[in-house]
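What Swiss-Prot annotates here:
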- 1-18: signal peptide (SIGNAL)
- 410: N-linked glycosylation site (CARBOHYD)
- 429, 433: Zn(2+) binding site (BINDING)
- 430: active site (ACT_SITE)
- 480: N-linked glycosylation site (CARBOHYD)
- 622: N-linked glycosylation site (CARBOHYD)
């Protein structure tokens, strides 16, 4: 095995800070005068945590001989005996022993696309917890497939293009039958990175009724959209989901957040057991470049959609060592270093998340899954110095089996300009969008963080992991961190407040969300709570600043890694499009599954500090805060 030498890729802590005048992601939609926020549907999900579930299922009869999918199916049938549904083909058992099964409600054989039911089965084979957003209103009596009075899918495509002002030419579009019921692929279009698609589905509307819609999928680079166009009126759009998540940060190498924290060093064979083929092979082919099973990294100065033939540094002896200087300009002069850095950070994070349970069955990003479950052929496509934008980054997360795509931009906020690939926190934040979108709602559903509050938590998880990874041995609970400070050339970073356990430094509370209308702002509130949680667990269990956790019976033995594990396990437990209260309950349930609730009161105290305590309630316009603890704490 050849040693892999990566210059400038030392373990780096990641963080992202913010200033009051927060920068917002720019993309195709916003540049074309379209506000995607106006198309978001409200949260519908309910979550029954493990305590409530234990009481409910006492009256239900389950056979000891049932497998976990059968047990989950029986629960759905007993909860909604008059509903029809299908099992989504993405169930798996997590590393914490919890089985995760997802269901999609149907009507007349068509999916109700935002009607989901997730069931979590414990090690004992019993229902552990569950959540759902099933439609409870009246199903249309008439089967639309009989009279077929709905519009042609081509009209729906044209309606989506017009409503969202998309850069897609559809005048000559023709619909070709694809796999699935009433599913089509469009030929004869230009402007999209891949052929647009459409399939006929129902959608729950805000008024509580069902709409028959064409779900039109268009990948236009900065936005990878699912547009729900009314099947009877192609000028009406009911909802838009964007697989692309944007952020505002930048970084350098593992343990080092950016070039201000250290110098490039050479690291030999940095992969862990999570990458059995190493980082430069997919088990079938060995690559003398920045390509392997988990990721493929390349230069993309034009911002184009192709990547296979793009430039990558070549090294037959697998020594990727290239010069870099903080005064070097333009960034393209050190593109070899940049691509290598991005490749290292992406792979290193893949391996860490794998140890926490984001593996093949859970929907991670790999070409070759080695018969370990999940769908392969979906490494992360990571573009360095992408020319399609500046001062930002994004990550597109399609369902398991399709590659994720990260675009890292240059930042014009300093002279010389700075390269986002060198701020690890930005890379980690972006990749975390892939993690949360694959886990929440199951690997086959990447549309479970598209409401305002759940989308905000998606941003918050990215900031949390970026910050947790950058912690230093000298840090204490009084240490504050920013997000994206180096890339933005602003010590305050790109968030409204620093991440701090001090309520004077960061005054965000649960009820602060009542006045926030943007996902990065809401995400800062959520990440602030998780930052408090991390320090509470560090105080309870001690902190280790090694790159990888030490496990005992599947439990990380230090508070920092334990917080990362519990937060990740909570993503898989919570319902599709959760709110803060449900995500908190899912973290508590994750602790019950992993440690038998050994950290219950510690977790409650951390959330109660910022008003998400016992008795806190969700209401889209008037959230109720609480600093109380439950009985027994």
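Including glycine, each Cβ sits where the backbone N, Cα and C put it.
Annotated features, which come from Swiss-Prot, shown on the structure.
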| residue | record | DSSP class |
| --- | --- | --- |
| 410 | N-linked glycosylation site | strand |
| 429 | Zn(2+) binding site | helix |
| 480 | N-linked glycosylation site | coil |
| 622 | N-linked glycosylation site | coil |
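Counting only same-chain residues at least 6 apart in sequence, those with a Cβ under 8 Å from the Cβ of residue 480 (N-linked glycosylation site) are 498, 499, 500, 502, 505, 506. Around residue 410 (N-linked glycosylation site), taking its Cβ as the centre, 26 other Cβ atoms fall within 10 Å, counting all chains. The C-beta environment of residue 622 (N-linked glycosylation site), restricted to residues of the same chain at least 6 apart in sequence and closer than 8 Å, consists of 514. For the binding-site residues 429, 433, the greatest number of Cβ atoms within 10 Å around a candidate Cβ is found at 429. Taking only the Cα positions, the spacing between the residue listed as 'active site' and residue 410 (N-linked glycosylation site) is 15 angstrom. Residue pair residue 429 (Zn(2+) binding site) / residue 410 (N-linked glycosylation site) shows a Cα separation of 16 Å.
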